[in-house]
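Asker: Shown below is the structure under consideration.
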Amino acid sequence: MNQRINSYKMFGHNPKRSILSGDGTKLEVQSIFKTIQGEGIFVGYPSIFIRLGGCNLACNFCDTEFEDFKLIDIDQILNKVKNLSLNSKNAKTINLVVITGGEPMRQPIGLLCQKLLDQDFKVQIETNGTLYRSLPKEVFIVCSPKVGKTGYNKIREDLLPQISAVKFIISKNIVEYSIIPEVGQSAYDIPVFVQSMDQNDKRLNNENNELAVKLALESGARLSLQTHKFLGIE
């Protein structure tokens, strides 16, 4: 069954966690669940989410809980993904795995990605673009850049050629998030999405939606909606 949205959200209260090394046979995992991908390039696809623990940033609008994690063996992860991909008749009906967080690139995820690909899953990574890992070229990487102390963090040069799409979070009342910035996407003709920020305030959210639509029409960017929130699923 789809999991309901957790009412606890980070909102920048998470510790900034360090980058992990290792062979990737064990990963810090917050949760693994099946749902419908609610946003971005695979919106609407039945998906299995692997939510990894910890992040190297602490964004004060973060609407996800990712600190309640455990160190799990990769074989356990793969076994759970396989079981979740099967329907009531034991047929595989879910073919997309989304690895998110937190920040997935904080951990050595290359082995997990390759093993998922070997099992004929599509793999999508959601990252903030500040870290780099060497990943199989078949992996879809969606980058959602965040604002640092001096404006938007540029996407790492070594990551840019591998990115499938860039997603900008839009807020009318936070100046830094009220624009579509240049963070390296134009040089590689990377598709751009805009998505309104969820600020847990109906008036602010309506204003954010209006601005996101305006920016999409002005720039040609695609509008991304968090449809999973409308459906009440994670």
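Numbering starts at 1 and runs along the chain as displayed.
Cβ atoms are placed via backbone N, Cα and C, with glycine included.
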Asker: For the substrate site that Swiss-Prot gives with Ile36, Gln37, Gly38, Arg51, which of Thr93, Thr100, Thr127 also belongs there?
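Answerer: Of the residues offered, the record points to Thr100.
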Asker: What is the one among the binding-site residues Gly38, Gly102, Pro145 whose Cβ has the most other Cβ atoms less than or equal to 10 Å away?
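Answerer: That would be Gly102, with the highest Cβ count within 10 Å.
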Asker: Averaged over the whole of the domain 'Radical SAM core' (42-234), what is the pLDDT?
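Answerer: It averages 95.
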Asker: Could you give the Cα-Cα distance between Asp198 (S-adenosyl-L-methionine binding site) and Cys55 ([4Fe-4S] cluster binding site), in whole Å?
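Answerer: Taking the Cα atoms only, Asp198 (S-adenosyl-L-methionine binding site) lies 19 Å from Cys55 ([4Fe-4S] cluster binding site).
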Asker: When you measure from the Cβ of Met197 (S-adenosyl-L-methionine binding site), how many other Cβ atoms are you left with inside 10 Å?
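Answerer: Its Cβ has 24 other Cβ atoms within 10 Å.
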Asker: Find, among the binding-site residues listed as Cys55, Cys62, the one whose Cβ has the highest number of other Cβ atoms within 10 Å in the structure shown.
Answerer: Cys55
